[in-house]
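Contents: one structure, followed by commentary.
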Amino acid sequence: MQANGAGQGQESPELSCLNSAQNGESSSAGGTHSNGLLSSTDNGNSVGTSNGASAGPGSGTSTASTASGSEVGSLKKKKRLSQAEEDVIRLIGQHLHGLGLNQTVDLLMQESGCRLEHSSATKFRNHVMEGEWDKAENDLNELRALMHSPNAIVRMKFLLLQQKYLEYLEDGKVLEALQVLRGELTPLKYNTDRIHVLSGYLMCSHAEDLKAKAEWEGKGTASRCRLLDKLQTYLPPSVMLPPRRLQTLLRQAVELQRDRCLYHNTKLDSSLDSVSLLLDHVCSRKQFPCYTQQILTEHCNEVWFCKFSNDGTKLATGSKDTTVIIWQVDPESHQLKLLRTLEGHAYGVSYLAWSPDDTYLIACGPDDCSELWLWNVPTGELRTKMSQSHEDSLTSVAWNPDGKRFVTGGQRGQFYQCDLDGNLLDSWEGVRVQCLWCLGDGRAVLASDTHQRIRGYNFEDLTDRNIVQEDHPIMSFTVSKNGRLALLNVATQGVHLWDLQDRVLVRKYQGVTQGFYTIHSCFGGHNEDFIASGSEDHKVYIWHRRGELPIAELTGHTRTVNCVSWNPAIPGLMASASDDGTVRVWGPAPFLDSQEADALNENCSNMDS
């Protein structure tokens, strides 16, 4: 019968299962079944071993009755395995082979009637691992007919000869290596740049020098296994399975489950040893930062802004009460403790920015504030109080990645680049700034303005370009760590996610109430997979970055939530600042009995979809 498209009576070049007796043929006692297993006899009756099919009764041979012209007692045909079943058997066989259970693999292949790989591939593998390069090269001629891309033979031959060349060099056989380079590699007329690199290795004085320059493990099992992994990529999986294919599929399945898990907020571990393959991956909402851990009440008026330091050890909060409070985060309990209060901001504090090394903190005021304060956090001393003009409005600030400069501006028509002493380095006129951000290259500054857009400004060549255009005012925005995504709070629209590189709107997040108040949202969690924002309906909303509907709504504040900050070092810690004068610190559920946990769950509305 045909298998994998091969004609009847011909051996398939692909690795298919060999089916049991057919077309009326039967196995005799002590003979070999078509699956490769020998039958045995029990009390004179032939006992088959093919997937439960047994031979009919008889004295060591199959018998057939000719009464009324019908056959009786014939062997039942073995069930033919589906392609998926064949693939699973081969995957298991490859994995067991990798564990060194070769006898088990042989038994599995015999009983199933499958072959792990094509006989030509097995021979090729053995010759590569034994370093018999001429034989391995001859094997390629047999494999050519089994390959979808005959041109791949040249690439495979190149890899073989490269290994042969390097091993000759390591053994000190320079003349033999030179012959391989000139007489075998060069005539291939493939990857001449690599051949030039290989020729340079002739100058290596000793084996260790060769290994270092070639970034090669040296002659032996390790380098040959790596070579075989590369060679396998050119062979169809029906001929030779890709390396560690079962582990790859399991890892992909685990990663897919994690990606689909709404509350997965721990560091991704690609090792299969870190998970159980016997259970689906599920993260509980109780592990997610949607329970009030602490309420900070030291401010005596509306709290307009909050921001964790870059190392996650401190939280800065700014208020209408003219103060900035620095809080210390306990590394064990994650409780916050007041570290120091910075006073004297006459207009209140509506924006804060930590320097890249967390040494300095800049505080800005509301629209009518023309001053900016630069504080030394460890000492609590004011390093700079800057004001370019009493007509200015310095409401936003962003640090250059070098930590030596910053940009600041407001809605009265200009923004500046300054040093740590407040000295003006550059300025840009005619831009009514709502929010600022410095990109990682240190050259470009993003600024949202009163024209409902975000533009990029380059202070080096004095060029600017449009990046984002909205239909409504952009009240604030923040940028992901990799600089690719921007999160916008748009008046009357809510929270929008933009791709800055492709300049496209990626997603509009639903649920939040956003009018014309300035609300600051944030990225958060491991790999910044989550988004959180305050809202004018007194709630904190959390979304998974890939979903438009919120996965949690956090209640507890009694007035507008102005700002949310996610701890960059502790993914289970988040803070929110509100007009109710409090800062709430959110974390996972504490260890409670079931009744208390159910009561707390009412404060965290699950919006799974």
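Using N, Cα and C of the backbone, Cβ positions are placed for all residues, glycine too.
For 1-79, the entry in TrEMBL reads region 'Disordered'. Among the features that TrEMBL reports, compositional bias 'Polar residues' is placed at 1-47. What TrEMBL records for 48-73 is compositional bias 'Low complexity'. As annotated by TrEMBL, domain 'CTLH' applies to 117-176. If you look up TrEMBL, you'll see 296-330, 342-373, 554-586 marked as repeat 'WD'.
Residue counts of the repeat 'WD' (342-373) by helix, strand and coil are 0 helix, 12 strand, 20 coil (DSSP-based). DSSP labels the residues of the domain 'CTLH' (117-176) in these numbers: 45 helix, 0 strand, 15 coil. Per-residue pLDDT, averaged along the domain 'CTLH' (117-176), amounts to 91 for this model.
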